[in-house]
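Feature annotations, courtesy of TrEMBL:
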- 12-393: domain 'Major facilitator superfamily (MFS) profile' (DOMAIN)
- 12-34: transmembrane segment (TRANSMEM)
- 46-64: transmembrane segment (TRANSMEM)
- 76-96: transmembrane segment (TRANSMEM)
- 102-125: transmembrane segment (TRANSMEM)
- 137-160: transmembrane segment (TRANSMEM)
- 172-193: transmembrane segment (TRANSMEM)
- 281-298: transmembrane segment (TRANSMEM)
- 304-331: transmembrane segment (TRANSMEM)
- 352-376: transmembrane segment (TRANSMEM)
Amino acid sequence: MTGTFTSPPGGWLWRPLVGVALGQIALGIARPALSYAALDLGADGLTIGILVSAAAVLPVLIAIPLGTIVGRLTHIAIVPVVSALVLVGSCVLAAITRELWVLVIASGLMGAAHLGLALGGQGWISRSAPPRLYNSGFGWMAAGASLGQAIGPVVSGIVVGPTATTREGISAAFWIAAAVGMVLAIAFTSTAVRRYATTDPAEPTTVGDVLRAPGVLRYVFVSAAVLTSVDLLTAYLPLIGENIGLSPITVGLLLGVRGTTSMISRMFLGLLARRWSSSGLLLWSTAGSAVALVTVALSSQPVLLFAAMVFGGFFLGVAQPLSITIIIATLAPRARSRALGVRMLGNQLAQVLVPLAAGALALVLGPGAVFLAQAAGLMASAGWELAARRDSAPE
């Protein structure tokens, strides 16, 4: 697959670009604050794992139906606007509670909101953009997400406590995230309408049909491995920071650096895809991400951690938008939103199971083991991609 590098086109891109950036700013503020709020209430590594998994339980149930809805809705703004309002409600809930079980509910609602924002933005582009601009479109949208991921954790670290965590700072972080969520709802508000011109009777109609399309299952696995890596960094880097004496603002800066370098790689995705094959980019990005996670697991030196965030962020930034482009390019237009729902289902299942396993590992072996196990999953993704490349190579 080839791609072209273009500046952000107008019309079909600006709302998902700005909307996804604002969504990730809000989530980037709220998610580390959730971890700090739980730690403030006496949570351990296992509890943090449960908190992260809660963000994926509801999305597991609604990913495919929501993907189908996104594909069928005439007004394409409905899902992201409603999702933004759910995000606002979850942040308010987290701000006013002093109970761990309420934080779990808030985490679940944040996960559902994140799913709706992601599917809404992806569906907006897949239904509106010219196919030749998919790599650039999804790359720019993902760059917007990375911008949010760079800004949000830094804001969270500053507000929660530059030198020490405070309960007032944690609550303030949630209120700020809620305010950003309201701006997000306004940004996605639109009367835009998109319809498909024709229906192909041979288009995939079931989840099984989608998964049997060439390469789809493999790229769903790659997407899940990369996404859970980002989630685990967001959730467990505060715990590692506490263990090695890093302040919340330092942890926020580390996460912000990862988001920034992911944004840079995504801005140039069209150019990268023109220079190298999508398969090659996925192979190197997953392997490089694994090396970065091993560094995080084994190092307690801030300089090495920052280096891991620089390189890991760049590699993690490439795989997600590439997997979206490859999946939708494989399928007919009306099947794309369902396919994106299948991809998100894979992501959400991984986000339920991986953090639970990570929490158990952290409880027994420490938080560093979480990243070693995740690095193994990324290397498995790279190995699967390498095997597929060899199978498809001419004799």
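Cβ coordinates are placed from backbone N, Cα and C, and glycine is handled just like the others.
Automated prediction, rather than curation, is the source of TrEMBL annotations.
It should be emphasised that the depicted structure is a prediction, and the values quoted were computed from it without experimental measurement.
For the transmembrane segment (137-160), the list of distant contacts is 3, 8-9, 12-13, 16-18, 20-33, 36, 121-122, 125, 129, 166, 169-170, 172-173, 176-177, 230, 234, 247-253, 255-260, 262-264, 266-270, 313, 317, 320-321, 324-325: same-chain residues at least six beyond its ends, Cβ to Cβ under 8 Å. The transmembrane segment (102-125) and the transmembrane segment (352-376) are not in contact, since fewer than 3 Cβ pairs between them lie under 8 Å (pairs 6 or more apart in sequence). Here the transmembrane segment (304-331) has Cβ contacts under 8 Å with residues 1, 3, 122, 126, 131, 134-135, 138-139, 141-143, 146, 203-204, 210, 213-216, 219-220, 222-223, 226-227, 229-230, 253-255, 257-266, 269, 272-273, 278, 281-282, 284-289, 291-293, 295-296, 339-340, 343 of the same chain, all six or more residues outside its ends. Highest Cβ pair count under 8 Å relative to the transmembrane segment (12-34), across stretches 46-64, 76-96, 172-193: 172-193. With a cut-off of 8 Å between Cβ atoms, the residues of this chain six or more beyond the transmembrane segment (76-96) that come close are 15-16, 19, 23, 26-27, 30, 33-34, 37, 66, 69-70, 102-103, 105-107, 109-110, 112-117, 119-121, 123-124, 127-128, 171, 174-175, 177-178, 181-182, 184-185, 188-194.
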